[in-house]
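Feature annotation from TrEMBL assigns DNA-binding region to 18-57. Under the heading NAD(+) binding site, TrEMBL lists 92, 93, 94, 95, 96, 97. Under the heading domain 'CoA-binding', TrEMBL lists 81-181.
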Ligand code: ATP
């Protein structure tokens, strides 16, 4: 099957990293095959959705056999560009930004924060989690086309002007942890994660829709 020709629906693509992480663990423990029921239980996605998702990957589960773990892994690796490291920049080395720099995602997949920016002179020039922190004034000097993704962990009121500069430098995707709603050209992708809203919504659901 030609991996380049596969066009996966967005909702399916979003579940890919989840499947990938679980299958990597399965593979490490020596398992060769997995059923959609097992997968469903582990990743908390219903098995009909899993079967539909996997049909896009050209992986057709066989009754009584399940899915071939190696096949799926090699597909995911190609599709998620696991063979290539995607470089990421982070702006705002506060509490949250510092946590990301120390964590740096390498355990899960091949994305790597390679540089960070801040305006606080006390932070500029430091290395946090091994990542150099530059002054925001030097953004244009350091950020080049090889860095397609940026994480925003700055105060909300500065998020938009920083975003405009990131886009000018060729950033294609922004993971926005600020509460600000960002305006970007159509070809730029913003994923918004407002931790306070997520937490509030969880508390709301617990109160109003308690699990059986
Ligand atoms: P801290 O306690 O270190 O200030 P915080 O996460 O509570 O962290 P925030 O006010 O949210 O503080 O700021 C996050 C980080 O963003 C800080 O390190 C701050 O210096 C930095 N920051 C503020 N304005 C800008 C800006 N215009 N460009 C880049 N970084 C900025």
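In case you wondered, yes, glycine gets a Cβ from its N, Cα and C as well.
Apart from 92, 93, 94, 95, 96, 97, the residues listed for NAD(+), the same chain places the Cβ atoms of 98, 99, 100, 118, 153, 154 within 8 Å of the centroid of those Cβ atoms.
For the domain 'CoA-binding' (81-181), the number of residues in each DSSP class (helix H, G, I; strand E, B; coil) is 29 helix, 29 strand, 43 coil.
The Cβ of 94 has fewer other Cβ atoms within 10 Å than any other of the binding-site residues 94, 97. Across the range of the DNA-binding region (18-57), the DSSP-based residue counts are 29 helix, 2 strand, 9 coil. The 10 Å shell around the Cβ of residue 95 (NAD(+) binding site) contains 8 further Cβ atoms across the protein chains shown.
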